[in-house]
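Heads up: the structure comes next, in structure tokens.
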Amino acid sequence: MARTMTMRVSSLLVAVVLLAALSFQACSGHGGINDGDGQVDAPATPASSSGVRSKGLIAVKVWCLVILLVFTFAGGVSPYFYRWNESFLLLGTQFAAGVFLGTALMHFLADSTSTFKGLTTNQYPFSFMLTCVGFLLTMLSDLVIAAVARRSAAAGVSDNQVSEQQQRQQAEGAVMSRKEEEAAAVAHPAMLVRTSSFEDAVLLIVALCFHSVFEGIAIGVSASKSEAWRNLWTIGLHKIFAAVAMGIALLRMIPKRPFLMTVVYSLAFAVSSPVGVGIGIAIDATSQGRAADWTYAISMGLATGVFIYVAINHLIAKGYRPHHPTAADKPLFKFLAVLLGVAVMAVVMIWD
């Protein structure tokens with residue numbers, strides 16, 4: 001018992017130290033828009049555009065890629081070894097939702113709007129339109145995944161019914177031995193459970209990875225080192241909680257808790273955001289001058305929609321659902337956790 005308590009305390013201390021370090025890094029300095037005169041910062045000139053794609057900035061993005069990979073993977077496999085406190089996961093997920101929401105509206109949308117103002121005199125709300133596009137694309141992906149899940153479930157039920165009919169017909173035509181009947185009765189339900197669990201796990205990973213790729217692109221197209229670190233803090237906070245929740249869900253969906261399958265699924269989820277970072281780096285490296293500014297403005301607009309959808313529909317509305325009653329599972333506590341996340345981003349944006 002004492003050993004278990006020591007492990008819990010040490011794990012919580014590690015989590016607190018990690019979040020504190022990321023918060024300090026996020027507050028150490030930021031790029032972005034200026035005081036609101038409609039002019040774009042460094043990326044507006046060719047000389048500064050070459051600086052944006054400097055080796056130092058790329059190195060920072062690579063570090064962000066590695067950090068996301070390592071900590072997300074560690075969070076995904078951690079439930080196999082350690083039982084997390086459900087109240088901590090519940091409120092932590094809501095806090096991450098507030099950080100996501102604040103980042104989308106106060107950082108991504110502001111940067112996209114400011115950059116568009118410096119690129120064109122057209123008064124059309126490009127950034128807000130792209131936000132709607134990003135939101136709807138993410139919603140469409142969820143609908144497609146849900147449709148595939150329903151179809152797979154329906155196919156499993158129909159196959160089960162057909163199999164039962166065949167068994168009844170065979171029973172009428174021939175007399176099976178008692179051992180064969182028991183084997184047939186036991187084998188099929190077990191296979192159905194394993195199949196449905198496997199399909200649910202795959203769909204869960206696909207949904208999480210799709211969103212994570214677009215989140216990683218936000219880091220890859222960052223215009224400065226400080227902006228890359230800030231995006232890492234925002235996305236990493238969400239990814240760690242999501243990875244832990246995913247690991248817990250996988251262990252519940254896979255009856256025998258195979259360590260190898262947990263590692264494979266966690267690695268797939270961990271790789272998704274670094275893939276997005278790599279895509280963002282490639283986009284940023286291949287675009288120059290005004291093309292780079294257009295790419296950045298469009299990417300930030302789309303990322304705003306993705307972040308808003310994930311924050312509202314995945315984290316706030318669904319979030320982490322504890323499997324045992326907990327005192328923290330109350331609307332007021334959830335609201336305060338989201339409020340704290342938004343407040344943290346509001347304070348961080350003072351130094352933007």
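Placement of Cβ uses the backbone N, Cα and C atoms for every residue, glycine included.
Per Swiss-Prot, signal peptide is recorded for 1-29, and the stated evidence type is sequence analysis. Summarising the annotation, Swiss-Prot assigns topological domain 'Extracellular' to 30-56, 109-127, 222-230, 284-296. Swiss-Prot lists 78-87, 149-200, 252-262, 318-330 with the feature topological domain 'Cytoplasmic'. The transmembrane segment annotation in Swiss-Prot covers 57-77, 88-108, 128-148, 201-221, 231-251, 263-283, 297-317, 331-351.
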**Chain residues outside the transmembrane segment (263-283) and at least six past its termini with a C-beta under 8 angstroms from it** = 58, 61, 64-66, 68-70, 72-73, 75-77, 201, 205, 208-210, 212-222, 235, 239, 242-243, 246-247, 250, 295, 299
**Prompt:** Most CB pairs under 8 Å with the transmembrane segment (128-148): which of 57-77, 88-108, 297-317, 331-351?
**Reply:** 297-317
**Request:** Just give the helix, strand and coil counts over the topological domain 'Extracellular' (109-127), going by DSSP.
**Result:** 13 helix, 0 strand, 6 coil
